[in-house]
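Among the features that Swiss-Prot reports, S-adenosyl-L-methionine binding site is placed at Leu92, Ser119, Gly120, Ser121, Glu140, Arg145, Asn167, Val168, Asp185, with the record citing similarity to another entry. Sequence annotations record features per position, and here Swiss-Prot assigns compositional bias 'Polar residues' to 328-348, 380-391. The compositional bias 'Basic and acidic residues' annotation in Swiss-Prot covers 394-409. The feature region 'Disordered' is assigned by Swiss-Prot to 295-353, 380-409.
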Amino acid sequence: MDIRKPMFHSRVHIEAGDIVILYMARDNMTAITITPGETFHNKYGRYPHDMLIGQKYGSKIHSPPPHPGYVHVLRPTPELWTLSLPHRTQILYLPDISYITMRLGVRVGGKVIEAGTGSGSMTHSLSRSVGPSGQVMSFEYHRQRFETALKEFESHGLTNVRLQHRNVCKEGFGDAQGVEGVFLDLPAPWEAIPHAVKALRRDIITRICCFSPCLEQVLKTVTCLRSEGFSDISTQEVLIRTHELVTPPPNTTYLSSISSVVSYLREHEQRKEERRLLQIKTAKENNRKVKGIEADDAIPVEGETGSKRKLEQPSVTGSDNAAPANSRPKTNLLWTEPPNTLPSTVLTKPSPEMKGHTSYLTFAILYPESVRLSMVAQETSSRVETPTNITKAPETHSQETHYSEGSEIEKIGAMTSKEMDDWMKSGSTSLSI
């Protein structure tokens, strides 16, 4: 088996046999293998591979005359490979990949399962995340895609990826054991979840993620996860909003200095405080006047009836309110904001074309068996303490994803690995920490 040098490296200069990314535009990239004697052609020009050997990664390479084009030669990364790989299936992009990697807790030296290799976009990212000491076990049921992916992984030097041709929904994950995380990109992930439980580690908290484009798939997946003992089930959709930067014209000062902006903010805060004090003062004066009017109304007037007193009250109230009305322009002097002299400049605008919905990501956590048994025992005891004279509706199997409201899972989640090991070794069923 011919395994080439690793695809992901930190070398400075381009060498023969390297895989490089030719960057033409943000949505136009091509991956090539540097082979002496060959030439890359595109609408911008021609680029002999011999001309690229020895150049620094990131260099701007111009096409020989008469073509005026140029390309940037970039060092490959999983992110760039995702944007330039040959599509054999629908692939995952960086927003989903990064979120899945974070939620699964993929770490250096870890062991993860990927079911549904496809074009290998997720596989390359997982390979980099686990590092040389970790392992990615990837499964693909389609024979032709499996063979193509196997050759690709070998040529890219992904020695920590173990690819197998297997239908995991029917045959399971084989001898895979001690796995910390599982990612299922399958049409029917609920058929593979029972097999995934057998491959997960039983002594630590493990996680699973299911990638499904339709809500009907999500509902079936959630039902299966609950039946298999998973907790903290949640579903998210990751959307990205692309913005384009607008370059201001040259030799212009559209942006103010930091000192001027800081000075403006300080003056604004000072005016806001003065306005607040003025409002407090005005409110106190109004309350004092209202109390004075009420006190005058309470004094009995000789020879006058109460109805006559009420008829005269509007004229008195109007004369009292005239003074604040006349003095309002004076108080408004502190309320008036000075005109904003800062120029308004557009520096960014939303891209006219952006990717929309890809799929729904359903995550769940599987606690160690001893923890789950203690949680079930505590739930049972709490049910026994519940008064029996309350008539409850029969429980139904709901497919709505919800979150635990109890404090037990929160306590377990707050444990460190050492506290978790000590608690499990003690054999205690009490979760009071």
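From the backbone N, Cα and C atoms, a Cβ is placed for every residue, glycine too.
Here the features listed in Swiss-Prot are painted onto the structure.
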residue : record                               : Cβ contacts under 8 Å, 6 or more apart
Leu92   : S-adenosyl-L-methionine binding site : Thr82, Ile100, Ser121, Met122, Asp185, Phe211, Thr358
Gly120  : S-adenosyl-L-methionine binding site : Leu85, Ala149, Glu152, Phe153
Glu140  : S-adenosyl-L-methionine binding site : Gly116, Thr117, Gly118, Phe146, Ala149, Leu163, Gln164, His165, Arg166
Asn167  : S-adenosyl-L-methionine binding site : Tyr141
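Secondary structure at Glu140 (S-adenosyl-L-methionine binding site), as computed by DSSP, is strand.
Packing around Asp185 (S-adenosyl-L-methionine binding site) is summarised by its Cβ count: 22 other Cβ atoms lie within 10 angstroms of its Cβ, all protein chains included. Farthest C-alpha pair in the S-adenosyl-L-methionine-binding residues Leu92, Ser119, Gly120, Ser121, Glu140, Arg145, Asn167, Val168, Asp185: 21 Å apart.
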